[in-house]
């Protein structure tokens, strides 16, 4: 029996990776899905693939008007909104404070914070009236970088730490009507791109992240696929199975949090690291 049958869920960033896996899972569970997608090509592919089960809106999460339009179109297509999932994000390919120029920090900060944090807040604001009417929920995608250093650079890590505070504050503000939670996956093979302001827009996370090295540090010793992370979202969206959770962040990281990201205590400025860098 489905936990979210007949629900209507609006998701941001659904063209690939975790977002696409969530769409597939939600529809398989009997839900209807609205998607706000930046890529026109991916938006067209989604509409073609999922037909009447999906409402695709081409737009940008950093625009309140696009978020508002996504909510309106989803409600127009399916009559209501039960859950908003903030999922669109970009990475920084671990660019450090040491390596980033002042200009990169300035522009990269605006872009990373804009997509990864401002986009979540604007989506929440746009979805608020419809979710108030349905007494629904919000779910936001976090990261192991929401808790630990080393999973991204200073800009990405700051944006994901910021999302934790946002979830807690929204859970406080929107209770008792709307539940607000998060899911923090570890790394996975996906098309997660870097920031254009850092000239990383054509690089995806797997260009920088070795999946074999990821598997080696995960206590569960396997490479998680995007579909492996979808279960917590279904549970959090379910009214029957989640009456008590708000302000909760589920760490779905194959055990990474019980051992941390790095074994070494040396930072990027350590002599060992510098020698290794010089050798290259």
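Glycine residues also receive a Cβ, built from the backbone N, Cα and C atoms like all the rest.
The feature active site, proton acceptor is assigned by Swiss-Prot to 156. Around the Cβ of residue 156 (active site, proton acceptor), the same chain contributes 91, 92, 94, 112, 116, 143, 145, each under 8 angstroms and 6 or more positions distant in sequence. Under DSSP, residue 156 (active site, proton acceptor) is assigned to a helix (H, G or I) in the three-state scheme.
Annotated substrate binding site per Swiss-Prot: 143, in sequence order, evidence recorded as sequence analysis. Note on residue 143 (substrate binding site): other Cβ atoms within 10 Å of its Cβ, all shown chains, come to 27.
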